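J.: Got a structure for you, questions after.
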Amino acid sequence: MNTVRETIAAIATAQGRGGVGIVRLSGPLAGKAGQLITGRTLTPRHAHYGPFRDDDGLVLDEGIALFFPGPNSFTGEDVLELQGHGGPVVLDMLLQRCVQVGCRLARPGEFSERAFLNDKLDLAQAEAIADLIEASSSQAARNALRSLQGEFSKRVHSLTEALIALRIYVEAAIDFPEEEIDFLADGHVLSMLDAVRGELSTVQREAGQGALLRDGMTVVIAGRPNAGKSSLLNQLAGREAAIVTDIAGTTRDILREHIHIDGMPLHVVDTAGLRDTDDHVEKIGVERALKAIGEADRVLLVVDSTAPEASDPFALWPEFLDQRPDPAKVTLIRNKADLSGEHVGLEQCDDGHVTITLSAKGDDTGLQLLRDHLKACMGYEQTAESGFSARRRHLDALRQASEHLEHGRAQLTLAGAGELLAEDLRQAQHALGEITGAFSSDDLLGRIFSSFCIGK
């Protein structure tokens, strides 16, 4: 049997007790199930209050029944919602009644999956439903809602249309060689290609911010021993998460804390002090610290502002740049301002580098500057009209599309190879199609929708 034609049922409200609980059905039997359970023919899109009965006519509960005939429903199929009281026993009895009249229990995310398969929404919009439910901040919720409304998808479709137009031009020139179009001399191809690359770069940047808001930013605290890294972690965490002593090298391993700043998720990693050492255990800690630096979204390079090397803290940077090629993702923290007498504040250079001077021992002003800086790095300052949610798989697809465009441009400019450019354009279009589901394997769809709540 084609499972899409089966009628599915699930409890759509969260587990536990509440004033209202909802059982949702989708499929060809939804209308008949509503008639059998309520004892009446349901008028589409009208609220019907009355009893919900079992097969013997006994009342299971009282509530509201809503019937939405397809295709004008969330899933594109006939949909029935039974809104009763929110007790788990009552809802389970009602769900079993739905099974009794011919429904089967829905898989996690199957309602959203059917909406996708029936072209009611694309894959990015379907994922935004889960992101909206799981949002840990108002900004993340707004971004998810904009993705659900199609903002991210519109940007991807715009890129796809531009690629299609470019492919038509290139492939027409290849198929009709008598036109003798010189791609390089024409200049039109390069102009169109560079325009797509520029827009793709913008979407990549905005999607990266959206992914940080959704998944949280990994912040690694690094620096020399005894620079105050663990004290800074404790202040950010709001508790004594790390042992703090005056003995250099107290922290010898990775210490992770998951915190929220105004609802924004951050994964803060305290690391062993970076120095040459003969201590085998400490050496392992330093190696792990360098590995964590390479995987970080943001590195806080902490220096002791009273130490001699504080006058030239960037002497530490070669060690960091081996792991973190982008120095723009490193924030310099000049710690112990209470001892050095330096002014607490934030300084941003013309090249974008940020230095924050603070004291990790109770300096509220400096710590608030750091919190605000981290929020800005995550895109918290974006307005509700500019952001959208994104996932790591979206970033991978955008990266692949960008790489294909870069490769195709190189093939065109270095070898004048229009055929190779055409293939790279096709591959880039395919990568973008994976975001919206235009090109997606059944395995990918299964993994995505299985992570949803049952009833969604």
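Positions of Cβ are set from backbone N, Cα and C atoms, glycine also.
From Swiss-Prot, here are the annotated features:
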- Arg24, Glu81, Lys120, Lys456: (6S)-5-formyl-5,6,7,8-tetrahydrofolate binding site (BINDING)
- 216-379: domain 'TrmE-type G' (DOMAIN)
- 226-231, 245-251, 270-273, 335-338: GTP binding site (BINDING)
- Asn226, Thr245, Ile247, Thr250: K(+) binding site (BINDING)
- Ser230, Thr251: Mg(2+) binding site (BINDING)
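Buried or exposed, and what's around them? Tell me for each listed feature.
T.: All protein chains shown were included, and the count of other CB atoms within 10 Å of the CB of Arg24 ((6S)-5-formyl-5,6,7,8-tetrahydrofolate binding site) stands at 26.
Of all Cβ atoms in the shown protein chains, 20 besides its own fall within 10 Å of the Cβ of Asn226 (GTP binding site). For the recorded site, Asn226 (GTP binding site), the DSSP three-state label reads coil.
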J.: Given Ser230 (Mg(2+) binding site) and Glu81 ((6S)-5-formyl-5,6,7,8-tetrahydrofolate binding site), what distance in Å do their CA atoms have, once rounded to a whole number?
T.: 53
J.: Under 8 Å Cβ to Cβ from Lys336 (GTP binding site), same chain, six or more residues apart: give me those in sequence order, or none if nothing qualifies.
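T.: Lys336 (GTP binding site) has long-range Cβ partners Gly228, Asp304, Ser305, Thr306, Ser359, Ala360.
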J.: According to DSSP, which kind of secondary structure is Ala272 (GTP binding site) found in, if we only use helix, strand and coil?
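T.: Reduced to three states, the DSSP call for Ala272 (GTP binding site) is coil.
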J.: Between Lys120, Lys229, Ser230, Ala272, which of the binding-site residues has the fewest other CB atoms within 10 angstroms in the structure shown?
T.: Lys120
J.: So if I measure Cβ to Cβ from Glu81 ((6S)-5-formyl-5,6,7,8-tetrahydrofolate binding site) and keep only same-chain residues at least 6 apart in sequence, which ones fall under 8 Å?
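T.: Spatial neighbours, sequence-distant, of Glu81 ((6S)-5-formyl-5,6,7,8-tetrahydrofolate binding site): Ala12, Ile22, Val23, Arg24, Leu25, Ala65, Leu66, Phe68.
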J.: What does DSSP assign Arg24 ((6S)-5-formyl-5,6,7,8-tetrahydrofolate binding site), in three states?
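T.: Note: Arg24 ((6S)-5-formyl-5,6,7,8-tetrahydrofolate binding site) is in a strand by DSSP.
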J.: Tell me, by DSSP, whether Glu81 ((6S)-5-formyl-5,6,7,8-tetrahydrofolate binding site) is helix, strand or coil?
T.: strand
